[in-house]
Amino acid sequence: MAAIHSLLIILTSFLAQTDQITDVPLQKEPARYEIEAPDIAVIGIPVSQVTLRAIKLDGTLDREFSGHPKQIIGLELWVRDVDTALPPFENGVLELKTDLAQNQKVFITADTIVVDPDSRGAATVVVYRISRWLSLLPPIIAVILAVWFRNIILALLVSIWVGAVILAHGNLFLGFVHTLDTFVIHEIVEPGSSSYSHMMIILFTMFLGAMVGVMSAGGGTAALVNRLSRYATKREHSQLMTWFLGLVVFFDDYANSLLVGTSMRPFTDRMKVSREKLAFLVDSTAAPVSGIAIISTWVGVEIGYIADTYSSLGISEDYYTTFLYSLPYRFYPLHLLAFVWLVAYLGNDFGPMLKAETRAIAYNQLVRPGRFNVVEAELGADNGDLARRHLLRNALIPLSVLLGLAMIGLWWTGAIEIDRLNLGRLQQGLPLLDKSMSKILEHASPNRVLLISSFLASIAAVASCSFSKSLSLNECVEAWSAGAKSMFLAILILVLAWSVATVCDENHLNTAGVLVELLSGSLSPNWMPTITFLLAAAVSFATGSSWSTMGLLMPLSISLTYSLLVPLNEADPNHHLMLGTIGGVLAGAIFGDHCSPISDTTVLSSAASGSDHLDHVLTQMPYAMTVATVSVLFGYIPVGFGIQPYILLPVGLVVLFLILQFYGKSAEAEAQKLLDAGVRAEDFNLSEDRETDEEGITDTNDSDSEADPESAEESTEEA
């Protein structure tokens, strides 16, 4: 009986196990797997996405497969800093994405990714993994070589080549080939892109140069300068007018840089304002005013980043209201706009800018001797003398066409795009998008608008000069061509700067990702506005793109701040720390952009102002760092501890005033001291730049002696 009883127990257990097995359907393995992963990964830095697919024998996707392969090697998924099991396939696909808003990161942990290694359908992909420090090498080399050799083109080319060599597994020749046929060419014509945005920027830069060339040759520029001279008789007046015009062109930073720089350059030249100072005035108003204007091409991008991040966090909020609430927390652009006004109004400068202004006043050298100015070389200093009649309308008509068409075009393209989107939303039963100005600008096509408006403005300049008989039609065409060619150096630097940014993007060396991983960690929520500002500045400086910086850091910083506030029961979407963090991202992105020699807006500002690009960066950097320091000490740090921005903004303004008043000096007074002491131009320039080569100094001396006989007097002391 005992044996029969034991047999019944064993039989019952077997039947129970059989029932359990039949409850779970047997998973049929696919014929093979397929892996889509980046070719290169930085060790310890998350990659954007890895996709695994189950494939049938006929090569199509096996949508019936849903489950786990037996083994996946080389991939890790971390959620909220915890190593998490990989999710199962769904309908034959497993997508692993890095989502900073959800604190989810995908890491490649081996040189080879393998799926189901013991089966006949195993998939293998080799990934080239590099040290995180190598990803920082190209931007570091670009900055060091630019300062060392004083040649931005050489610095950018070497930087691109170094990045290409790293991506080519150390192959020097292949890196050289990829520098030209991949990174440079793809910045001009982007493969697979229907917008060709970079080509549009190149063309509207050329068309704007063509417009300026016709205006200058047709006497319109000279007439405009003569008219402005009636109202502005001092150097300070010309700088204030430049600042004011920068505030007027608030809708786009590219249009601001090119329009203000080219329009005001002849006038500031007459007032002996150095080109470095003009480039600073232009660059320091373009991005800041576009970034804080409630209606601009920046607004839609910023609101989009805020909306996407809040939606991923499950926050229901009026995103435009959050954007408006964050405006007072943008200490750097607000302080910088006020600082530019103070510099222009007080007439005080310091650092390299003081030397540049002193040189311009004392020796009428608007550009540092030895620096090649392609704009002047192509257009010539006396192109206005070609005109038979100097008419103001030859300047006002093309400028009005450019400004008017740009504003109308932004509204028109945005409205058309909203109509197209609403048609699709109507068919899907979704709520329609409203046609508010912010929404219209969010969906506008600024590059396309600037391309068309700049071309038509250049044609308007030709028509105005030819119909007024200031120039013949052939002379207009020659001036148009010369003006377009004058922008070649700016376009070359711009393309090389884009190439460096591509080498460093998330699909290649992932420089920004490395900086984020290095600088982020366990933080107090009170320090988030400050940390965010500094991190955004570092990323923007390294990549040269404020928009890319915002796209990377907005979801990360907002999500991190929100997660730090949740345990404190203060997870308000409009909490002052949330607003300070949002403001810190944009402000830090603009600050890093102002200090970076590979920034596109910095390149455009120096080109439009006729300044040497590197001189512009080196003279602007001390001013930008001064304002950034004040913004941190009297803005982001105290706002993190609850002090309201309407108290901090005036305090920062007072500090900036005191710095200029007591540390800054009048360039006119310094110039007079040099002339009274009999310091020659060549001696002053030698002391200003000890690194200038001997041949360049000799050429400069000869030209200076001819241009300024008074400066030929022997100096009794060295400047």
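Using N, Cα and C of the backbone, Cβ positions are placed for all residues, glycine too.
A TrEMBL annotation is a machine prediction, not a hand-curated record.
Summarising the annotation, TrEMBL assigns compositional bias 'Acidic residues' to 690-719.
What TrEMBL records for 295-636 is domain 'Na+/H+ antiporter NhaC-like C-terminal'.
The annotation region 'Disordered' is assigned in TrEMBL to 684-719.
The transmembrane segment annotation in TrEMBL covers 130-149 (among others).
Among the features that TrEMBL reports, transmembrane segment is placed at 156-180 (among others).
If you look up TrEMBL, you'll see 200-225 (among others) marked as transmembrane segment.
Feature annotation from TrEMBL assigns transmembrane segment to 280-307 (among others).
For 327-346 (among others), the entry in TrEMBL reads transmembrane segment.
For 395-413 (among others), the entry in TrEMBL reads transmembrane segment.
Residues 138-139, 142, 152-153, 156-157, 159-160, 163, 179, 183-184, 187-188, 198, 201-202, 205-214, 216-218, 374-375, 377-380, 383, 386, 458, 461-462, 465, 471, 543-545, 548, 597-600, 603-604, 606-608, 613 of the same chain sit 6 or more residues outside the transmembrane segment (479-501) yet have a Cβ under 8 Å from a Cβ within it. Marked as transmembrane segment by TrEMBL: 479-501 (among others).
What TrEMBL lists as transmembrane segment is 551-568 (among others). Listed by sequence, the residues of this chain that lie at least six past the ends of the transmembrane segment (551-568) yet keep a Cβ under 8 A from its Cβ atoms are 99-103, 302, 305-306, 308-310, 312-313, 315, 506, 512-513, 516, 520, 523-525, 528, 532, 535-536, 539, 575, 577-578, 581-582, 584-585, 589.
Sequence annotations record features per position, and here TrEMBL assigns transmembrane segment to 621-639 (among others). Here the transmembrane segment (621-639) has Cβ contacts under 8 Å with residues 280, 284, 329, 331-332, 335-336, 339, 343, 350-353, 527, 529-530, 533-534, 537, 576, 580, 584, 587, 591, 594-595, 645, 648-649, 651-652, 655-656, 659 of the same chain, all six or more residues outside its ends.
The transmembrane segment annotation in TrEMBL covers 646-664 (among others).
Residues 328, 331, 334-335, 338-339, 342-343, 346, 348-350, 354, 626-627, 630-631, 634-635, 638-639 of the same chain lie 6+ residues outside the transmembrane segment (646-664) yet bring a C-beta within less than 8 angstroms of a C-beta in it. The transmembrane segment (200-225) makes contact with the transmembrane segment (395-413), as judged by at least three Cβ pairs under 8 Å among residues 6 or more apart in sequence.
Confidence in the domain 'Na+/H+ antiporter NhaC-like C-terminal' (295-636), given as mean pLDDT, stands at 83. Counting Cβ pairs closer than 8 Å to the transmembrane segment (130-149), the top stretch among 156-180, 280-307, 327-346, 395-413 is 156-180.
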